[in-house]
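Student: Annotations per TrEMBL:
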{"type": "TRANSMEM", "residues": "31-54", "note": "transmembrane segment"}
{"type": "TRANSMEM", "residues": "118-138", "note": "transmembrane segment"}
{"type": "TRANSMEM", "residues": "150-168", "note": "transmembrane segment"}
{"type": "TRANSMEM", "residues": "174-193", "note": "transmembrane segment"}
{"type": "TRANSMEM", "residues": "259-283", "note": "transmembrane segment"}
{"type": "TRANSMEM", "residues": "325-346", "note": "transmembrane segment"}
{"type": "TRANSMEM", "residues": "373-393", "note": "transmembrane segment"}
{"type": "TRANSMEM", "residues": "405-424", "note": "transmembrane segment"}
Amino acid sequence: FSFRKLWAFTGPGFLMSIAYLDPGNIESDLQSGAVAGFKLLWVLMLATVIGLLLQRLAARLGVVTGLHLAEVCNRQYQKVPRIILWLMVELAIIGSDMQEVIGSAIAINLLSVGKVPLWGGVLITIADTFVFLFLDKYGNFSFCILENKWGDSAFLNLLMVLVLLTGLRKLEAFFGFLITIMALTFGYEYITVKPNQEKLLKGLFIPYCQNCGTPQLEQAVGIVGAVIMPHNMYLHSALVKSRQVNRANKREVREANKYFFIESCIALFVSFIINIFVVTVFAEAFFEKTNADVSSVCVNSSSPHSSLFPNNNETLEVDIYKGGVVLGCYFGPAALYIWAIGILAAGQSSTMTGTYSGQFVMEGFLNLRWSRFARVLLTRSIAITPTLFVAIFQDVEHLTGMNDFLNVLMSLQLPFALIPVLTFTSLPSVMNDFANGL
């Protein structure tokens with residue numbers, strides 16, 4: 001095992017893990033905490049573990065074959081099923097795009113104290129993707145994978161690590177920075193609220209849901225749809241191709257599979273911890289709270305958003321927007337702004353996930369070589385149009401309510417990614433000696 005080689009393969013897994021931290025995930029986390037307390041943490045953990053296993057299969061497909069999942073589908077399927085698969089994946093990508101737009105718009109609205117309207121935030125998100133594309137196009141360094149010939153020299157090994165560090169693609173480094181922002185902001189909320197550790201551990205390791213009903217079941221299904229993103233498997237199988245591997249050498253292929261899997265484990269563990277921060281904050285602070293409880297606290301804290309919560313005894317319902325407001329009422333304005341920064345980082349970091357997924361999927365399924373700018377302009381326009389209409393003619397509750405529908409949509413799209421991944425990775429004709437035997 002070599003940490004230097006692990007660092008050389010680090011990048012694709014963290015870009016892939018961004019999909020586990022998009023605004024749809026954050027909304028699912030906070031709602032499951034507010035609706036079910038700590039009782040659904042085990043669902044989050046199992047969904048993340050299953051997601052890791054599926055990402056491992058997708059990465060192995062890319063490493064072994066030198067083709068990503070969409071390219072293999074193109075070669076293995078007839079025209080009709082191939083077109084159906086492409087349409088389903090595009091639908092998932094557009095749904096993910098909408099969640100990013102919604103999250104970013106809400107974060108911008110909160111950070112500007114309402115001065116930037118929701119529709120203004122939606123329009124701002126049109127530009128951000130092209131900023132990231134510019135960063136990707138003009139900020140890349142070629143990534144070096146160096147042979148280990150420095151022996152046990154600590155100094156030279158450290159020097160090689162620094163060389164690899166400066167050789168990182170700037171886009172990968174930038175999104176690593178955004179993940180760090182999410183860890184710090186949501187970690188701040190976690191430290192501020194101080195969730196009960198005994199309940200946290202019980203929720204993680206004991207599959208139970210005492211006194212649960214339909215709302216809790218809906219949240220459990222939503223967690224699965226939010227965590228396991230269908231287009232993410234297409235993305236991961238393509239990202240691993242950015243590392244040079246001699247596929248004629250079984251030892252190199254086996255080594256690449258090992259390091260990509262280790263990197264994926266680390267990346268998804270980080271995303272899992274961030275998701276736990278959000279679930280437990282809302283489970284500890286707002287589980288079984290009523291509108292009247294929150295309304296009185298917001299009025300006493302002179303919050304400008306206190307009118308959001310009617311003075312009645314109905315159970316509190318929270319979303320990305322209300323979640324930030326409630327945190328601000330209970331723990332001060334700093335908690336609200338730090339929450340908004342975390343949501344903005346989640347929305348912006350997941351922007352490129354959909355961008356790259358769409359590019360690989362279109363090229364793989366249809367052999368269309370559109371520029372990234374043209375393709376992003378098409379899909380983001382499709383995603384922004386309904387979101388913009390809701391932002392202009394409805395209120396923020398309708399905007400955030402779209403996230404629940406989109407998480408269900410992701411659940412329905414899962415088979416269209418699972419079946420190809422599980423099928424191709426078990427075929428010796430595709431995977432040779434690396435076929436999955438299960």
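Glycine is no exception: its Cβ is also placed from the backbone N, Cα and C atoms.
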Student: Considering only the recorded stretches 174-193, 259-283, 325-346, state which has the highest number of Cβ pairs under 8 Å to the transmembrane segment (31-54).
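Tutor: Checked against 174-193, 259-283, 325-346; highest Cβ contact count belongs to 259-283.
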Student: Taking a Cβ cut-off under 8 Å, which residues six or more beyond the ends of the transmembrane segment (405-424) line up next to it in the same chain?
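Tutor: Hits for the transmembrane segment (405-424): 24, 27-28, 54, 57-58, 61, 69, 72-73, 76, 84-85, 88-89, 91-92, 95-96, 98-99, 221-222, 224-226, 228-231, 233-234, 430-431, 436.
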Student: Six or more residues out from either end of the transmembrane segment (325-346), which same-chain residues have a Cβ under 8 Å from its Cβ atoms?
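Tutor: Sequence-distant neighbours of the transmembrane segment (325-346): 21-23, 25-26, 103-104, 106-108, 110-111, 178-179, 181-182, 185-186, 188-189, 192-193, 281, 285-286, 294, 297-298, 301, 303, 305-306, 308, 316, 318.
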